[in-house]
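Notes to accompany the following structure.
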Amino acid sequence: MVGTGGPVATFSVWDYVVFAGTILVSAGIGLFQAIRGRKETSSAEFLLGGRQMTAVPVAMSLTASFMSGITVIGTPAEAYRFGAAFWTFGFAYAIMSAITAEIFVPLFYRLGITSAYEYLEMRFSRPIRLIGTSMYIVQTALYTGLVIYAPALALNQITGLDLWGVLVATGVVCIIYCTLGGLKAVIWTDVLQMVIMLAGFVAVIARGAVLQGGLGKIWEDAGQGGRLEAFDFDPDPLKRHTFWSITIGGSVMWTSIYAINQSQVQRYISCRTLGHAKMSLYVNMVGLWVTVSLAVFSGLTMFSIYKNCDPLTNGDISTPDQLLPYLVMDILAAYPGIPGLFVAAAYSGTLSTVSSSINALVAVTMEDFILPLCKNLTEKQVTWLNMGLSVFFGALCIGMAGIASLMESILQAALSIFGMISGPLLGLYLLGMLFRTPNSIGGLVGMIIGLVLTLWVGIGGQIYPPTAEKTNPLPLSTVGCNSTTGQNYTTAAPWTSPVTLQPDVRPPLADSWYSLSYVYFALLGTLTTMVSGLLVSIITGGCKQEKLNSDLFVKKSDLICFSWCGKPEVRD
């Protein structure tokens, strides 16, 4: 009986076939692009797709790279436990797309850069660029570790495959197609993976609707369970998700992910024209809306099925991130091959993110650390270095996945990492782009103050998790469970992190400062960096260089309302 707890089926032969087939097709695309592009193996081709991509594949790739396995597994579990509030990130995506397309893209496009961090050197100084790059490398390695860990955990739960075997295998497949295919391979495999991910959500919703007697019934159950109260206008910054925290904090957080993250910048710089680059961001916004809507609705479907028997409280699974895989095996196991496709969806989300991260890490390391030191490398040596670095970063990310196994709720952990590190960086870029006064000292001091604050609040919140009245988990029931199976399982209470130190001795800051909603980390970092950076710059005498190129600043002509009248900008 579906939805009444107990052990669920495991993978059938067909599931393994479908799963392996999907992964092989992804790897095949990488190899195909590599063989097809053997003639043009320049570094620019490897890292930027020869700057010949068009808007739609780039948009799908932008969406797929951050709609990773974490989204496939984390977002439905989020909606199941906390309701549909996560859906209001749709507003944040719209604001983020507009800011990125109208302010950042024209600027980076005009300067013709490969690494987003070249800008920091042009505007401030070389040391600041290297610090920016190092922060990016740390953040991306941490995030990528989480991304590999998420579906590996799910696969391990459902198929009984060994957790570490799965982790290493994922890393190896990514390394192979990154090393051989470069950015073009990454973008085209992303398009395939985006389609598979969405198909996975649709399968869950459709089957759930059949079981529950229609979409209306799912909606009604979700409403009765309090899952539809998406708009909470409480201004309290300590509450985990409110309308304000998501639209204001979420917009800044996603802007820091899209506007200055090398994995994303690299993609829209690979477009043919500025028009294509801007367009790709707006198409990507629609992609994000569709994905988040399907993911949240999958979570509501899951609630409708498990409203009387929560598998987590019942001890059928051990962490919230296993909810969706458990559901898939519960309701779709009767259709051989479908669970395989679903796990492949979570998995391909991971492959796309990991491969784009590795590609971006290689690009940044080459541009910022290796090429300036070794000026006279031949193209062949550069190509070999690119491949060697791909292998190195792949291995590093697999190592980081081990660290990820210590965190609760991967969705929140991933977004927190971005907020803590990208927030101060975004502040530094805005400081440079919007004001002429800031100098290197101001920029550096501002960024350090911003980073110290966000790391302090973020790590504090990880050690002393906010209490339930701040996170507002919604009630779950086990009334309808047949059997409380597996008393050998211990159910993790929501949001208790394994890193918790003596939770009974909570310091005074734990319920105020450390309880700040994780969505605000980026905003805190950005504002602190900008304010302190401006003050320090003014104290230290402002920017001494009279001859700062005006291309380094945001211009009125960059904005959409001023650019329709002008001639289209085409680049060679």
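For all residues, glycine too, the Cβ spot is worked out from N, Cα and C.
For reference, TrEMBL has these:
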type     : residues : note
TRANSMEM : 16-35    : transmembrane segment
TRANSMEM : 55-74    : transmembrane segment
TRANSMEM : 86-109   : transmembrane segment
TRANSMEM : 130-151  : transmembrane segment
TRANSMEM : 195-215  : transmembrane segment
TRANSMEM : 242-260  : transmembrane segment
TRANSMEM : 281-306  : transmembrane segment
TRANSMEM : 326-347  : transmembrane segment
TRANSMEM : 384-404  : transmembrane segment
TRANSMEM : 410-431  : transmembrane segment
TRANSMEM : 443-464  : transmembrane segment
TRANSMEM : 518-539  : transmembrane segment
### Summary
Per the Cβ filter (under 8 Å) with a sequence gap of at least 6 from its ends, the transmembrane segment (86-109) is approached by 75, 78-79, 116, 119, 230-231, 241, 243, 246-247, 250-251, 253-255, 257-260, 265, 268-269, 274, 277-278, 281-282, 284-285, 288-289, 292-293, 296, 429, 433, 551-552, 554-555, 558-560, 563, 569, 571
## Note on the structure
Near the transmembrane segment (518-539) in space but 6 or more residues beyond its ends, with Cβ under 8 Å, are 237, 240-241, 245-246, 248-250, 252-253, 255-256, 412, 415-416, 418-420, 422-428, 430-431, 435, 437-439, 441-443, 445-447, 449-451, 453-454, 457-458, 461
### Message
Quick check for me: are there 3+ Cβ pairs below 8 Å between the transmembrane segment (242-260) and the transmembrane segment (443-464), leaving out pairs under 6 residues apart?
### Response
no
### Query
Hey, does the transmembrane segment (130-151) touch the transmembrane segment (55-74), meaning at least 3 C-beta pairs closer than 8 angstroms, sequence gap 6 or more?
yes
### Task
Using Cβ atoms only, state whether the transmembrane segment (326-347) and the transmembrane segment (443-464) have three or more pairs under 8 Å that are 6 or more apart in sequence.
no
### Summary
Checking 130-151, 281-306, 410-431 against the transmembrane segment (443-464) for Cβ pairs under 8 Å, the most are found for 410-431
